[in-house]
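Visitor: Have a look at the structure that comes next, please.
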Amino acid sequence: MAMKVKDIVFMNKGDGENSYVKSAGLTLKVIAKTQPIVQKAVQSLFTGTHSTPLQVVNVADLGCALGPQPLESMSIVIESIVEKCGELGCEMPEIQFHLNDLAGNDFNTLFKGLSVVQEKYKNVSWFAMGAPGSFHGRLFPRNSMHLVHSCYSVHWLSKAPKITSEAGLPLNKGKIYMSKTSPPAVREGYLSQFEEDFSSVLRFRSPELAPDGRMVLILNGRQSADPTEKDICYLWDLLAEALSYLVSEGLIDEEKLDSFNVPYYNPSQEEVERVIDKEGSFTTEFSDTVVLEIGGKNAWSDPGLRIKGYRCFSEPILSHQFGEEVMDKLFDKAEEILAEDYKQGKEATKNISIVVVLKKKTNQTWT
């Protein structure tokens with residue numbers, strides 16, 4: 001069965017036990033940690049070369065998902081603009097949010113949650129609309145967006161890299177992502193696909209951004225030059241081990257496991273900056289890594305909670321490949337393995353984010 005990423009990469013829907021709404025705690029921590037960076041980028045829109053104050057600020061949230069994540073991002077933007085306009089003594093502009101994700105995203109649950117923002121900012125004139133589509137292509141009219149924001153989305157690839165021998169045999173058998181045992185071709189394939197896809201994200205956003213527009217991108221990344229370092233690959237190695245167990249139990253076909261690779265890449269800061277420089281549409285105003293400790297005694301020290309956090313974003317793509325009927329068994333086994341790893345100190349202990357703030361270059365023209 002051919003895998004069309006645009007049809008299956010989305011977060012778990014609804015508001016049930018395994019939904020993204022109930023399990024997006026890690027992403028919220030990333031948003032909180034990066035809030036000052038986003039706030040500064042938003043407020044820089046009011047200190048540029050605009051001949052007249054902005055009357056409408058258009059904001060795009062790429063890969064917005066659902067639940068508290070997009071609502072918190074919207075709140076940060078609104079509060080940043082309110083604060084800056086208060087400082088400058090200027091009239092508060094209207095704010096238009098363009099909430100983008102693939103068509104499979106649960107936009108209904110997303111829109112239901114907007115009442116929280118509505119109640120919180122009754123005196124602010126803001127609007128929200130859905131913008132379904134892939135950020136690997138064009139989404140918005142030329143020169144229309146003042147701010148493009150994305151948190152934990154653009155590390156998803158447009159497709160999994162093709163990792164086979166000349167004879168068409170899988171080279172990453174028993175794994176679903178890079179690992180210590182993967183041959184060099186696997187690492188090269190993933191990096192090449194990331195470079196192609198991230199370049200397309202930049203290339204398609206450039207004409208859409210207004211002059212002096214900003215783009216804030218937050219990606220799940222890595223600090224190490226080694227893309228198979230434990231904190232990076234632990235999740236996918238854990239799930240591959242659980243899937244291998246299901247193969248041994250006759251619950252899934254080994255060929256399905258051997259032929260599957262997740263369309264996901266954890267870049268280093270250097271890899272991100274290299275693509276930005278080569279693509280050439282933006283200047284980098286800020287670039288850094290943000291580290292969250294997820295080991296030890298914290299909210300993720302419970303194996304069950306941690307597995308729910310993994311399941312809420314990985315289940316849709318895994319169920320498409322291996323079947324919905326084995327998902328409970330898969331994540332139960334993963335929790336069992338994780339609990340044992342906790343005892344031995346083998347689990348991942350850090351979550352790494354790459355944060356960049358980009359400004360559209362002023363010398364570009366679009367015809």
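Cβ atoms are placed via backbone N, Cα and C, with glycine included.
The annotation S-adenosyl-L-homocysteine binding site is assigned in Swiss-Prot to Tyr20, Cys64, Gln69, Asp101, Leu102, Ser134, Phe135 on the grounds of similarity to another entry. Residues or ranges marked as theobromine binding site in Swiss-Prot: Thr27, Tyr152, His155, Trp156, Phe313. Taken from Swiss-Prot, the feature site 'Involved in substrate discrimination' applies to His149, Asn220, Tyr264, Glu324, supported by similarity to another entry. As annotated by Swiss-Prot, Mg(2+) binding site applies to Asn172, Asp258, Phe260, Asn261, with the evidence given as similarity to another entry.
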Visitor: Excluding near sequence neighbours, so keeping only residues 6 or more apart in the same chain, what lies with its CB under 8 A of Asn172 (Mg(2+) binding site)?
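Guide: When sequence neighbours closer than 6 are ignored, Asn172 (Mg(2+) binding site) has Ile163, Met178, Ser182, Pro183, Val186, Asp258, Asn261 within Cβ distance under 8 Å.
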Visitor: What are the other residues, in sequence order, whose C-beta lies within 8 angstroms of the center of the C-beta atoms of Thr27, Tyr152, His155, Trp156, Phe313 at the theobromine site?
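Guide: Neighbours within 8 Å of the Cβ centroid, excluding Thr27, Tyr152, His155, Trp156, Phe313: Gly63, Cys151, Ser153, Asn220.
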Visitor: Hey, for the Mg(2+) site built from Asn172, Asp258, Phe260, Asn261, who else sits with CB inside 8 A of the CB center?
Guide: Ile163, Pro170, Lys173, Lys175, Ile176, Leu257, Ser259
Visitor: Restricting to the binding-site residues Thr27, Asp101, Leu102, Ser134, Phe135, Tyr152, which ones have a CA within 10 Å of the CA of Tyr264 (site 'Involved in substrate discrimination')?
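Guide: So the list is empty; none.
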Visitor: Starting from the Cβ of Phe260 (Mg(2+) binding site), draw a 10 Å sphere and report how many other Cβ atoms land inside it.
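Guide: There are 21 of them.
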Visitor: For Leu102 (S-adenosyl-L-homocysteine binding site), which of the recorded positions His149, Tyr152, Trp156, Glu324 has the nearest Cα in space?
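Guide: Nearest by Cα distance to Leu102 (S-adenosyl-L-homocysteine binding site): Trp156.
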Visitor: Of all the recorded positions given, namely Cys64, Ser134, Phe135, Asn220, Glu324, which is spatially nearest to Tyr152 (theobromine binding site) at the Cα level?
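Guide: When the Cα distances are compared, Asn220 comes out closest.
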Visitor: May I ask which residues of the same chain, at least 6 positions away in sequence, place their Cβ under 8 angstroms from the Cβ of His149 (site 'Involved in substrate discrimination')?
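Guide: Same-chain residues close to His149 (site 'Involved in substrate discrimination') (Cβ under 8 Å, separated by 6 or more) are Val38, Val59, Ala60, Asp61, Leu62, Ser73, Val77, Met215, Val216, Leu217.
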Visitor: Which of the recorded positions Asp101, Phe135, Asn220 has its Cα closest in space to the Cα of His155 (theobromine binding site)?
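Guide: Checking each of Asp101, Phe135, Asn220 against His155 (theobromine binding site), the shortest Cα distance is to Asn220.
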Visitor: So which of the binding-site residues is most packed in, judged by how many other Cβ atoms lie within 10 Å of its Cβ, out of Cys64, Leu102?
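Guide: Its Cβ has the most other Cβ atoms within 10 Å: Cys64.
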